[in-house]
Amino acid sequence: MTQQYNYHMTRFIISAPDIRHLETDNGIEVAFAGRSNAGKSSALNTLTNQKSLARTSKTPGRTQLINLFQVAEGVRLVDLPGYGYAEVPEQMKIKWQRALGEYLQKRNSLKGLVVLMDIRHPLKDLDQQMILWAVDVKLPVLVLLTKADKLASGARKAQLNMVREAVLPFMGDIQVEAFSSLKKIGVDKLQQKLDNWFSTLQHIEEEQDAE
């Protein structure tokens, strides 16, 4: 049975420059990843109904740390450093990418990935790399096409269908939905997916503990 979590009770735990500074690697985490201007922080704030839980910046690329938020005991959301922003100094970009890659490859509690991309400019190279990596390690993915309010209904549906078809060859557990923090489009779909991931995995872990 799917448990419904109260995301409005989510609270900030810690910011860390890399995996070594994070909390103990247990429980369940779902990470939010995306280009630096994809609206990641806005999506987290909308999900949790908290205006400043995740810091939003007028300058994309300011989220340089891995940020952890607790939904419930052992259940966490993770805001990963934004990727692909051209105006960030190269040395800093490499540092972020290293921290991002290390988290994705070594964090055992990571059980789901939300990839956010602007609905008007979806599936850039780095977005596809992120999805392919998740598929390779059998991690389920929810793609959120953000800023959906910027398009009329017909154009929005066309983009949604285009991306859904484009990810089919990836052969993974990938769901694609339109999303808008401003108009609250797709927030229910995001909540349902997170509830499903967290509930399924908690049930499996409880069974393993009982053995």
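Just so it is clear, glycine is given a Cβ too, placed from its N, Cα and C backbone atoms.
Sequence annotations record features per position, and here Swiss-Prot assigns GTP binding site to 34-41, 61-65, 79-82, 146-149, 179-181. Feature annotation from Swiss-Prot assigns Mg(2+) binding site to Ser41, Thr63; the stated evidence is sequence analysis. Look at Swiss-Prot and you will find 26-200 tagged as domain 'EngB-type G'.
Neighbour counts were taken as the number of other C-beta atoms within 10 angstroms of each residue's C-beta; across the binding-site residues Lys40, Lys147, the minimum falls on Lys147.
Cα to Cα, Gly34 (GTP binding site) and Ser41 (Mg(2+) binding site) are separated by 10 Å. Here the Cβ of Pro81 (GTP binding site) has 25 other Cβ atoms within 10 Å, regardless of which shown protein chain they belong to. Mean pLDDT for the domain 'EngB-type G' (26-200) in this predicted model: 89.
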